[in-house]
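According to TrEMBL, the protein carries these features:
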type: DOMAIN; residues: 5-202; note: domain 'CobB/CobQ-like glutamine amidotransferase'
type: ACT_SITE; residues: Cys95; note: active site, nucleophile
type: BINDING; residues: Arg129; note: substrate binding site
type: ACT_SITE; residues: His195; note: active site
Amino acid sequence: MYNLTIAHLYPEQMNIYGDRGNIITLRQRCAWREITTTLIPVMPGSSIDWQSVDLAFFGGGQDSGQALIAADFVEHQAEPLRRAAETGMVLLAICGGYQLLGHYFLTHTGEKLPGIGLLDVHTVGSTQRLIGNLLIEANWGTGRQTLVGFENHSGGTFLGKGVKPLGKVLAGHGNNGKDGSEGAVWQNVIGCYMHGSLLPKNPHFADHLLELALQRRYGSSTILSPLDDQLELAAHSTMVERLQR
Ligand code: GLN
């Protein structure tokens with residue numbers, strides 16, 4: 001019997017465009033396979049045993065939401081979270097959460113929000129927002145590689161040498177609307193701009209994250225039983241076709 005411990009970072013301040021749907025998807029895809037999950041909300045000031053966490057999720061937020069928790073994130077979570085990430089903890093961060101995993105986010109009003117520097121990226125805000133549907137060709141593993149999502153950000157993120165992009169933009173803006181890259185990956189830490197929610201309509205990616213977490217906890221031979229993803233993949237393919245037209 002498997003159990004996965006899932007941490008949800010700042011669910012009250014950082015939950016925009018249905019990002020919570022990613023948590024629902026992860027837990028439901030586990031439940032369908034009789035894998036139990038323990039959910040830990042990470043609130044301001046929380047003391048978390050990050051070594052017990054298998055998979056963490058950090059959603060997006062407005063600049064004002066990010067400003068509420070950025071210093072708390074650096075002070076209370078940065079170091080233990082980094083140690084867990086160094087040993088393969090899976091972390092998915094979207095948009096505002098992604099930006100705070102980097103070195104900093106300089107907002108379009110000139111406020112410099114500190115990040116924890118887990119990902120070698122930095123973000124600079126602009127008055128021109130990058131908004132719309134996003135389609136990328138991603139770079140992990142084998143099998144289906146397209147990811148579909150929705151982006152809405154003023155911040156443009158620039159990647160340093162310590163990370164690889166999650167993928168290349170086929171439609172939309174991605175990291176900064178300039179270099180054709182989207183997202184950043186280091187170890188099992190993935191940041192990207194894909195709201196939507198991301199995981200319900202990219203079930204192959206949800207399972208990729210679950211498999212990474214299970215294999216780290218229970219050994220490399222752990223595999224997930226297949227699910228009937230007809231509906232989810234129909235939603236995915238509809239967007240792929242629409243955006244490639
Ligand atoms: N406030 C950040 C920006 O505008 C993040 C937005 C978001 O999470 N959607 O860039």
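Every residue, even glycine, has its Cβ placed from backbone N, Cα and C.
Keep in mind that this is a model prediction, so the values were computed, not measured.
Positions of the features from TrEMBL, shown on the structure.
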residue : record                   : Cβ neighbours (10 Å)
Cys95   : active site, nucleophile : 29
Arg129  : substrate binding site   : 14
His195  : active site              : 23
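A strand conformation is recorded for Arg129 (substrate binding site) in the three-state DSSP classification.
Rounded to a whole value, the Cα-Cα separation of Arg129 (substrate binding site) and Cys95 (active site, nucleophile) is 13 Å.
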